[in-house]
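Here the structure comes first, spelled out in structure tokens, and everything after it is commentary.
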Amino acid sequence: AESSAMKFQRQHVDSEGSSSSNANYCNEMMVRRKMTQDRCKPVNTFVHEPLADVQAVCFQKNVPCKNGQTNCYQSYSSMHITDCRVTSNSKFPDCSYRTTQAQKSIVVACEGNLYVPVHFDASVEPST
């Protein structure tokens with residue numbers, strides 16, 4: 001079975017990619033990364049930074065998670081991300097997404113012996 005850490009990488013890490021010149025980025029990636037198989041996942045964020053940099057966030061600023069848990073961490077620096085949001089006229093299995101890129105600080109939940117990201121909690125303006 002796919003581990004939580006591997007699922008996080010599949011759903012949220014695209015180190016080599018960028019949506020900068022591709023309005024279809026989300027439509028392509030949401031299918032390629034298997035997030036449209038049983039439904040159209042409504043919202044998803046891809047992080048375009050090296051995996052090691054994303055994993056390092058687990059040792060950065062400890063912040064509360066949206067669900068109240070305490071194992072979330074915010075990156076000190078902003079990261080190049082792409083937000084994918086399902087469009088209102090999207091009908092499964094023809095999932096259609098709006099692609100928005102940003103530079104933001106990311107918040108991830110971490111767990112396990114290696115203490116790696118297992119959940120993408122939010123993207124926020126970097127705190128000064």
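Heads up, the Cβ atoms here are built off N, Cα and C, so glycines get one too.
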Using the record from Swiss-Prot, pick out the residue from C84, C95, C110 that is joined to C26 by a disulfide. C84
Which one, R85, R98, is listed by Swiss-Prot in the same substrate site as K7, R10, K41, P42, V43, N44, T45, K66? R85
Taking C110 as one end of a disulfide recorded in Swiss-Prot, give the other end from among C58, C65. C58
One of the disulfide-bonded residues C26, C65, C72, C110 has its Cα closest to the Cα of R85 (substrate binding site), namely C26
If we check Cα distances from H12 (active site, proton acceptor), which of the recorded positions C26, C72, H119 wins as closest? H119
Euclidean distance between Cα atoms of C95 (disulfide bond) and C84 (disulfide bond), Å: 11
